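J.: Here you go, one structure.
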Amino acid sequence: REEDAPPPLMYRVERPVFDEAYLHTQLLHPRERSPKTIRQRLAQHCSSERAKAIALSFLPILTWLPSYPVKEYLFGDLVSGLSTGVMQLPQGLAYAMLAAVPPVYGLYSSFYPVLLYTFFGTSRHISIGTFAVISLMIGGVVVREAPDSMFTIQALNGTATNTTVFIDTEARDARRVHVAVVLTTLVGVIQLVLGLLRFGFVAIYLTEPLVRGFTTAAAVHVFISQLKYLLGIQTPRFSGPLSALHSVTAVFSDITSTNVTTLIVGGVCMVVLYCVKDLNERFKKKLPVPIPGEIIVVMVSTGISYGLSLSENYQVDVVRTIPSGLLPPAIPDFSLLPNLVTDSIAIAVVGFSMGISLAKIFALKHGYSVDGNQELIALGLCNFVSSFSHTFAITCSMSRSLVQESTGGNTQIAGLLASMVVLLVVVAIGFVFQPLPQTALAAIIMVNLLGMFKQFRDIPALWRTSKIELVSLDQSTWCWMSSETCDSASLFQAAECTGIKIFHSNSSIYFANSDLYLNALKEKTGVDPVHLQAIRKARKRKLKKESAERESQNHKSPQKMRGGSQNHLEGQGNGQVAETHTESDSEETRFLEPLCPVHTLILDWTPVNFIDSVGAKAIKLVIKEYAAVDVCVFIAGCSRTLLAELRTLQFFTGVATPEMVFPTVHDAVLHSRRRTPRSHWQFEVTQTFYYIYTAQKNKGNT
């Protein structure tokens, strides 16, 4: 009824008129700091605590391995490591073809870097190793520096006038391996230097539309480059501008020489792989681990090739020689460096961008944080150190990372076990894959590109929301603004509302500063959702442990609880019930108490003039993060133009609603003070969960 409705909130402001002179002299808090002496500075920067912190940040394995929960994590890491390792074998062999080096070097690149990342990486779920886009970039450089024309040899056929031209493939492959190794060394140096100089922020300038557009275009190039292997056609490999067009022209001009057997084998492999991937996607919730379609294709095609002698009888190209064991370390030929600087910078930045973006996704999902600078250092060390053992540049693979995470991987131990699987193959059974048809590897590459081709769906969406991002224009030239955050401590008479934090930043929100904006938000407000999630998990573990201990104690003395006279039993029972109720109340208080004294964050967007799709996604993501720890996020001071942009970007869907936006900060504050820190339904759900949990754990007491 209307008479029962709460009265509307009233907004009244009454204060003196301020001018800048008054604000500067009366309200601004003076910041007078006495300068530190040299001794104090040395003590601050050279303390044992700081040295320990530096060591732990450089070797992240020292922070989690000593407290590794064996019973809880080992089985999941074991299953995940074996599943990822089985997947890494065929991909390593296949992506070596993209890098224009013999397949065995893909196995080397799937072992050394993965092993090193276990010690230096901060992501627990990404799978380091060969990746199609990076391998294609390497292959383009390798073919440019060591083309087939450099290794042609003319041989006489009986007479001086009749000669045959052929390519010295052994010398060509050796030269290409040298180029790939030197390129990898330089990529590692660049990534390592950028990481030490704290340049992890460079990835923010590679916007999501730009990266997705780049990988989609690269997928087209990769697909075209594999056509000749799928058809069994001998065509030269092209590099430089219009290389994809030249490759397609060469393939179709020689289409009549297609090897039918090669095409059949490759086509069957593609159909099998597609069906297996579709089954894995449809039944991913029911399957304990994904079906390893790639290793099945490799093993079956290798067996058929060996049994039917496809290479000799049907002229099907196979992998051929795979030397057993690891090659001894060697120093790269650094005379090639001057020609590779530009390419190495591009590979270094793209590789890091792909790695950190996927690492952040998994970190957010599982409630931990990754360090962008340390990830640069880790990738740099993986590439630089491994290059002395004949590897080519690596980054993380999306498909393998999804398998590693979905099969129960919890830490970098899963990656370590995957590298051991690759090592076993290289050392002991590498020769088994020598009859493997190259068309099967081409099929693996092509089917794995399907996910990238789905990114073509971004074009209609970006056309509707942001045509600027569609053509990947550099927005930093016209929307760059300084990022300053307002600190309440700078105002002498400013007072905070209990449980409410107001965040003000003099900047628009777009791809180049969205990460900086969110980091400043968490730092200035002191409310980090990742940290709060960790506290919540710790509370749950502690409650579970206490309940298990109490249940164990009750089971140890069943006779004592049942013995005695009837009067004694009743008295003891009443005492136990009362004691249990008291303990339950204490546990309930600890479990249901707020994770943080702050229940509301208000984003003051008065100075915000522009937001792009990357910024909008970042804000929606942080709203979801805070909602998971019972902290509401409101937005205040939006201009009508900015609201129109948000609606065009479809911002108000899911966790973000128009009810979260207020015309002024004061409106948002009044609304926040009226609401409770935790809504009634959230409290009821949590309370119900707690009572069910306690009842299940304390059946002996009730």
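Cβ from N, Cα, C; glycine included.
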J.: In TrEMBL, which of the ranges 45-65, 255-275, 444-464 has the transmembrane segment annotation?
T.: 255-275
J.: Pick from 67-88, 287-308, 595-616: which range does TrEMBL record as transmembrane segment?
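T.: Comparing 67-88, 287-308, 595-616 with TrEMBL, transmembrane segment matches 287-308.
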J.: List the helix, strand and coil residue totals of the compositional bias 'Basic and acidic residues' (545-554) as derived from DSSP.
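T.: So the counts come to 10 helix, 0 strand, 0 coil.
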J.: With a Cβ cut-off under 8 Å, give me the same-chain residues at least six positions beyond the ends of the transmembrane segment (287-308) that come close to it.
T.: 79, 83, 86-87, 89-91, 93, 265, 269, 272-273, 276-277, 279-280, 314, 316, 318, 403, 406-407, 432-433, 435-437, 440, 443-444
J.: Given pairs 6 or more apart, does the transmembrane segment (413-433) have at least three Cβ pairs under 8 Å with the transmembrane segment (179-206)?
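T.: These two segments do not touch.
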